[in-house]
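Visitor: I have a structure here, written as structure tokens, and I will follow up with some questions on it.
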Amino acid sequence: MGNAATAKKGSEVESVKEFLAKAKEDFLKKWENPTQNNAGLEDFERKKTLGTGSFGRVMLVKHKATEQYYAMKILDKQKVVKLKQIEHTLNEKRILQAVNFPFLVRLEYAFKDNSNLYMVMEYVPGGEMFSHLRRIGRFSEPHARFYAAQIVLTFEYLHSLDLIYRDLKPENLLIDHQGYIQVTDFGFAKRVKGRTWTLCGTPEYLAPEIILSKGYNKAVDWWALGVLIYEMAAGYPPFFADQPIQIYEKIVSGKVRFPSHFSSDLKDLLRNLLQVDLTKRFGNLKNGVSDIKTHKWFATTDWIAIYQRKVEAPFIPKFRGSGDTSNFDDYEEEDIRVSITEKCAKEFGEF
């Protein structure tokens, strides 16, 4: 690398540092003074269920005054309490209202009533990466790399704010109208300076240190990135079995097999991300994220252009209009019931 290139690299690293310092300032302001109750259920017209979960659902809604479409996450307070997810739910809202990055879904409104908590986010009509990946089978390496680069930048941003994401998987990555990623579902995200111990995540994506009940840190996100890149490029995850316990055995074994079509650069990157030994895992070494960004598999990636969304996406989802739901599955519809008495007031006071 010539002197000019070295100088350019140096100035890029400096400008990233400046950017992240400013981002942290912005984040902390909102983290310390979270927005509360800036809308109500009556402001929205409910259109269709986009997804369901163990303690709530996500619906397409239309803001009556602005006619904008949004995705509204509705959480049943009593179910959240029953499933011991109070802390996770409060984390999700507090984090989402404070972050700001091109590849993170934006929280526009949050409010609660006697029965439910509501988070209203921008609606991403392209649907989940999961459904496109299953339909196409697998992504070419350049296609996978385009998405992977956005996750690398997003994790660099989140980790600089002391946030661990902990739930990377194709179901939580939405494809927007320009073919870029929007990371959604911050239900397991957490602000942690040192280590944390909670067992959470999706079996196929869990890092070995989580399975082994060790204290863990941000490095679990880099492991999950390895799993995601593998799954995007192969069409199936690196560790899979019928029962979670069998998956866990494979994960902690430290053995990964690669399809013959994987390039040698891809295999090398994955061996360094799917590294059981934390002292050797990329993203967790003294150079931090730059071991990943400067890896040969990313040699063609223009990180600044990706951040600026100037790179042409390999795939643009098809949809008709901003309220189209054809990229989402159908679910049984259910009325939103609101109690006449307030439930769990104490638990969700800060929401």
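The backbone N, Cα and C atoms fix where each Cβ goes, glycine too.
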Visitor: According to Swiss-Prot, LEU50, GLY51, THR52, GLY53, SER54, PHE55, GLY56, ARG57, VAL58 bind ATP; so which of LYS64, LYS73 is the extra one listed there?
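Guide: The record-listed residue among the candidates is LYS73.
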Visitor: Which chain neighbours of the ATP site, leaving out LEU50, GLY51, THR52, GLY53, SER54, PHE55, GLY56, ARG57, VAL58, LYS73, have a Cβ atom within 8 Å of the mean position of the site's Cβ atoms?
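Guide: Going along the sequence, the neighbours appear as ILE74, LEU75.
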Visitor: Within its own chain, what residues at least 6 apart in sequence put their Cβ under 8 Å from the Cβ of SER140 (phosphoserine), listed in sequence order?
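Guide: Expected: ALA233, PRO314.
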Visitor: Measuring Cα to Cα, tell me the gap between GLY56 (ATP binding site) and SER11 (phosphoserine) in whole angstrom.
Guide: 46
Visitor: Which value in Å gives the longest Cα to Cα span across the ATP site residues LEU50, GLY51, THR52, GLY53, SER54, PHE55, GLY56, ARG57, VAL58, LYS73 as recorded?
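Guide: Between the most distant Cα atoms of the ATP site, 14 Å.
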Visitor: Can you figure out which of LEU50, THR52, SER54, VAL58, ASP167 (the recorded positions) comes closest in space to SER11 (phosphoserine), comparing Cα atoms?
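Guide: Among LEU50, THR52, SER54, VAL58, ASP167, ASP167.
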Visitor: May I ask for the distance between LEU50 (ATP binding site) and TYR331 (phosphotyrosine), taken between their Cα atoms and rounded to an integer number of Å?
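Guide: Cα to Cα, LEU50 (ATP binding site) and TYR331 (phosphotyrosine) are separated by 7 Å.
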Visitor: In whole Å, how far is VAL58 (ATP binding site) from SER322 (phosphoserine) when you measure between their Cα atoms?
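Guide: That comes out at 17 Å between the alpha carbons.
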